[in-house]
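Reading through the structure tokens given below for one structure.
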Amino acid sequence: MSNMMKALVKAKPEVGLWMENVPVPEVGPNDVLIRVKKSAICGTDVHIWNWDQWAQKTIPVPMVVGHEFSGEIAEIGSAVTRYHVGERVSGEGHIVCGKCRNCRAGRGHLCRNTLGVGVNRPGSFGEFVCIPESNVVPIPDDISDEIAAIFDPFGNAVHTALSFDLVGEDVLVTGAGPIGIMGALVAKRSGARKVVITDINPHRLELARKLGIDHVVDASKENLADVMKAIGMTEGFDVGLEMSGAAPAFRDMIDKMNNGGKIAILGIAPAGFEIDWNKVIFKMLNLKGIYGREMFETWYKMIAFVQGGLDLAPIITHRIGIDDFRDGFEAMRSGNSGKVVMDWM
């Protein structure tokens, strides 16, 4: 195996990514080197491409980016015991310290010292990625490489949707991007009574319909209160899944929640936007922030959903070779795509 590999690198502090030859990551005693077969583009990667304010403050240059992937093990460290070369795997993209109170209590997703693959350390937009053995997730034979490559965002959806009991509940999802749609699908399969998803992007609304969401609302044209009445809702929503990061959508969600409603918030909103906290207080709402996946309970649950028949394939709207990565990022930046999966083989 060559000691150099092809990778997408944030090589300059400006808009874009560049394909370069970089060293293959070194494998420590507790590490696993994975030959990447499929990579998916995340919204985080788009922020890095755009070199926005968050990226400028967060991403060291140069950096191999990317964190949504699947592949097979190419090499294992001397102390690795659970995996073998050739095994099909994906990986948890949050590297935790294992030493803080939350880690030692089994709450690794709450680690204060989390490092992100492709953000704080070299990522998976390369022919190889190296992660700790503890972050490796084996992929069952009945799950394809491309579905495994989107397990990271699917895990965000599963973690968000399953934050609260859904059986018999009316659920509002704001934001019909891929994670929002997957969250709505999880809610539907988990026994929710009514599942409503809102957005203002026609392409995303059509994608939600294609994947079988029953109540798809164009918030730029339809009044959510009228939709609720039309589908037989006499009270507000019991559970809200905020996936949009859009202040108007979040405010509308708060307005439409039932007293005692519960909201899981994954969408990253602009800093400093206003909400009416009196409504939160007097409605006695429960707000919960979500970041990433529970380690590793969420992974078990998402694998079970897929093996149980949840078809995520239609959420992948673009399948391209890695050399066409610019086309993939153009599709993502346009807002007129679902997931974009890139093939390294």
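All positions are counted from 1 along the displayed chain.
Cβ from N, Cα, C; glycine included.
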Among C111, C130, which residue shares the Zn(2+) 2 site with C97, C100, C103 according to Swiss-Prot?
C111
Quick check: of I179, I315, I316, which does Swiss-Prot put in the same NAD(+) site as D199, R204, L266, G267, I268, I290, Y291?
I179
For each of the binding-site residues (C97, C103, I179, L266), count the other CB atoms lying within 10 A of its CB, then report the residue with the highest count.
I179
Other Cβ atoms within 10 Å is the metric here; tell me which of the recorded positions H47, H67, R204 scores highest.
H67
Hey, what's the Cβ neighbour count for Y291 (NAD(+) binding site) at 10 Å?
14
For D199 (NAD(+) binding site): intrachain residues, at least 6 apart, with Cβ closer than 8 Å:
T174, G175, A176, G177, G180, L205, A208, V217, D218, A219, S244
If you draw a 10 Å sphere around the Cβ of G267 (NAD(+) binding site), how many other Cβ atoms fall inside it, taking every protein chain shown into account?
20
Given a separation of at least six residues and a C-beta threshold under 8 Å, show me what packs close to C111 (Zn(2+) 2 binding site) in the same chain.
H94, V96, C97, C100, N102, C103
